Amino acid sequence: MTARIIDGVALSQRIREEVAERAAALTAQGVRPGLAVVLVGEDPASQVYVRNKVAACEKAGLHSVKEQYPADLSEADLLARIDALNRDPSIHGILVQLPLPAHLDSHKVIEAIAPEKDVDGFHISNAGLLMTGQPLFRPCTPYGVMKMLESEGVTLRGAEAVVVGASNIVGKPMAMLLLAAGATVTICNSKTRDLAAQTRRADVLVVATGRPRMITGDMIKPGAVVIDVGINRGDDGKLCGDVDFASAQQVAGAITPVPGGVGPMTIAMLMVNTLQAAERTLTP
């Protein structure tokens, strides 16, 4: 058996086209959706991510602002800039690119973003709303994964879902969204005993660990849907995920590739969240 490939590029393109249509309609009403992306330092990977996000927004008709600051920017200055963006009516979404330099408290910086402009969904208020099943914004990567599962017609109600990785950015919100969809959810972390025993139970397996090719085909239930959130460079210098694609593809029923899987969906859902933030400004 060779797994069906879940094409994140094609799905994200359809979502971007829908965003462009809705953004044009909103702009015609006098509100052009606006996203501010804040980058501190010169991390090469972060620069690529930010460039891709800004380009995607502009292509879809959203107003985007990139604010780049030196790595030695003080926390007070960064917080002051976020406060100014909070008060700027032309900006509906604010994204601070992580990771931040070590001297900056990422929790404090995220908490400084107005919850209604927190399009990453990381603010503690938005995390709480997600936990209670009333999300204002769904974090972009888990949101993108849910859209991929939906596009594949995956039945989540009653399914065994296993999430490998328990970060605040992917693992925990991913588990909450799967739980809300009716799945029975197991979250695995670095302390999990016999990880393979857990992953082999999964009808839906989501992996977000940052460890190249750690999930191999013998750890996967035959026919499972495998979502690989990881993006790493292997020893050969090539991009790879947290799942060993070659062996997993022989066992899984469907699988996301790296690149071309979850990554494009993350950017697409950032645009959706920004659009929704702008649309809410027209709602009394």
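Any Cβ shown, glycine's included, is placed from N, Cα and C.
As given in Swiss-Prot:
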type	residues	note
BINDING	G165, A166, S167, S190, I231	NADP(+) binding site
Query = Largest pairwise Cα distance, Å, within the listed NADP(+) binders G165, A166, S167, S190, I231?
reply = 18
Note = Its Cβ having more other Cβ atoms within 10 Å than any other among the binding-site residues S167, S190, the winner is S167
